[in-house]
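Novice: This is the structure I have questions about; it appears just below.
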Amino acid sequence: MEFWQHIYSNFNVIAFSIFGLKVHWYGIMYVIALLLALLLAKFFVKKFQLDINEKHLDSYFIWVEIGVILGARLGYILIYDANTMYYITHPWQIFNPYINGEFVGIRGMSYHGAIIGFLIATLLFCKKYKTNPWIFLDLVALSVPLAYVFGRIGNFLNQELFGRITNVPWGIYVDGILRHPSQLYEAFLEGIVVFIIVYLARFKQSFQGELILVYAGAYSLARFICEFYREPDFGIGFVLWGMSMGQILSFIMFITALLVYICIKFKKVNI
């Protein structure tokens, strides 16, 4: 366990450089996650014979990727970043990948902000092409969780979003302090476990939109649990009743998904 506990001391967050441009492992994991999500979506379209053509699917993923990036970055700045006012007065710095002249990529993304950007992009896309948004949302619920695993592995390799102080033997040292590898807990619970739940729910699906609601509920519950092992965001700490901002947002997400599910499932609301 000695090597594992000191893995950050023996690992470079930069995978390689091209003409002086440093390529980080996080960026590589992000690209893998994006491609895997698209490939899984195409697989599930064929497997479950969904009424989505490949051209629309490719276009849709471009739309939602833009929405996710915008939502994730803006969400982080508005919710988590300690320099919110700076970015509001200097909006051109929001997507600036350079710090002191060095390319470091775009840092600081919020998952809950990404969700909002994703939903807006989905609604705009479906309105433009006159398609049913619930079909696409259910497809995303199936294809995203496994891809999400690579996103959290990317966080781990980038040595960010680390866990709380611990004494468990599988902990890792971060700046000389033993901490939970919470990114890997999240990869398992929020990625693999959530996928299994959504995939099994597909075979008992009773209405369009059910899978995305199951995903939202399962993810928010998994995230709420993982937050107990994840270090609260810098500058925010614990917000209410000993809960982190991630837990509060996950709680809101869970209640929202549950209420919508109940309204549709038991009150026969047309969608």
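Cβ from N, Cα, C; glycine included.
According to Swiss-Prot:
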- 25-45: transmembrane segment (TRANSMEM)
- 60-80: transmembrane segment (TRANSMEM)
- 103-123: transmembrane segment (TRANSMEM)
- 134-154: transmembrane segment (TRANSMEM)
- 181-201: transmembrane segment (TRANSMEM)
- 209-229: transmembrane segment (TRANSMEM)
- 235-255: transmembrane segment (TRANSMEM)
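What's the neighbourhood like for these features in this structure?
Specialist: Here the transmembrane segment (25-45) has long-range neighbours at 13-15, 52, 54, 57-58, 61, 65, 105, 139-140, 142-144, 146-151, 153-155, 157-158, 160, meaning same-chain residues at least 6 beyond its ends whose C-beta is under 8 angstroms from one of its own.
Same-chain residues lying 6+ beyond the ends of the transmembrane segment (181-201) with a Cβ under 8 Å from its Cβ atoms: 141-142, 145-146, 148-149, 152-153, 155-156, 160-164, 170-172, 210-211, 214-215, 218-219, 222-223, 225-226, 229-231.
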Novice: Apart from its near flanks, which chain residues at least 6 from the ends of the transmembrane segment (60-80) lie with a Cβ under 8 angstroms of it?
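Specialist: Same-chain contacts beyond the ends: 34, 37-38, 41, 87, 94-95, 106, 108-122, 124-125, 136, 140, 233, 235-236, 245, 249.
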